[in-house]
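To keep things clear, I will list the structure first and then write my remarks on it.
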Amino acid sequence: MSLIAANAQELTKKQYLYKLKAYMGLLFSMILVQLVGLLFSFGGVGDMRTHSDGIVMGVKTYSGDIIIIFTFIWAFVIAILFTTTTYRDIDFTLVSNRLTSNLSNIGYLLTISLAGGIGAMLLTFVLKIIVFFMRGAENLTIQNFFLTPYELVIGILAVTFYMILVMSIGYFFGMIAQINRIFVVLIPTFIFGGMLYEARLKSPDNSIVVSVVQFFVQESSFAVFVLKVLMTAAVFFACATLLSDRLEVRK
C-alpha cells in the first residue's frame, strides 16, 4: 500500500469516527421518526367490513410498513442533508479532501442504515406485541404473527439494504442540487411529473417506475437482491463523488 493510500485511509477513518460522535443527534431523530411511524401504525394499514344476515364483521390489518416507509423518507432527507454546504464545511475542521470526505460520509450512511434496519424491525415487533395485548389473542389471526429469529434477521438486512439504496439516491440527487440550484426545482418536477404521467397510462405494468420497483422487490433470491442493491448504490455513490469534484473549493 502506498503512503498516499495509507494516508487517505487513515483520514477517512478519522473523519468517519468523528462523524459517528458528532452526528448522534441524527440517530435520535431517526428514532423519533420511527416512533411517530409506530403511532401511525396503531391505526392499521387496512380496514375491511362485511355485512351478512345483520352481522357486521370488521377486519383490520396491522403492519410495520408505515414505520419502514417513515424510515426511508428520513434516510432520503438525511442523505441530501450530507451534501449541503453546512455539512460539507464540517469536514474542513479536520484535514480532508473531497475523496476522504465522501468516503467517510458513505461509511456513516451505511452505518446508520444498519441502525435504521434494526430499529424498524424491532419497532415492528413491538407493534405486534402491543396489538396482541390490546386486541387479545382470540381476536387475532396469529398464524405467522410473530417472526422467527431467521425472519427477523432477514427483515433487518432487507430494510438495511433498501435504506442504503435510498440513501445513495438521495446523496446523488443532493450533490446534483449543490452543483446548480436549478436542479432543486427540476428534479422534483421531473420525478412527480413522470409519476403523474405514468399514473395515467392504461397499462401500469409498462411504467418505468413500476419496472424499477419490481426489479428489486420481486427478486426471489436474497443474495441476488443484495447484489443488485450494492451495485446500484455503488453507481450512485460513485457518481456523487465524481460530481463533488465540480463543487467550488472552499475559500
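Heads up, the Cβ atoms here are built off N, Cα and C, so glycines get one too.
Here TrEMBL flags 23-46, 66-87, 108-132, 152-172, 179-197, 222-243 as transmembrane segment.
The list of residues near the transmembrane segment (152-172) in space but at least 6 beyond its ends in sequence, with Cβ under 8 angstroms from a Cβ of it, reads 68, 71-72, 75-80, 82-83, 105-106, 109-110, 112-114, 116-118, 120-121, 124-125, 216, 222, 225-226, 229-230, 232-237, 239-240, 243. Distant neighbours of the transmembrane segment (222-243): 83, 98-99, 102-103, 106, 154, 157-158, 161-162, 164-165, 167-169, 171-172, 174-176, 179, 215-216; these residues of the same chain sit at least 6 beyond its ends, with a Cβ under 8 Å from one of its Cβ atoms. Sequence-distant contacts of the transmembrane segment (23-46) (same chain, six or more residues past either end, CB-CB distance under 8 Å): 59-71, 73-74, 78, 108, 112, 115-116, 119-120, 123, 126-127, 130-131.
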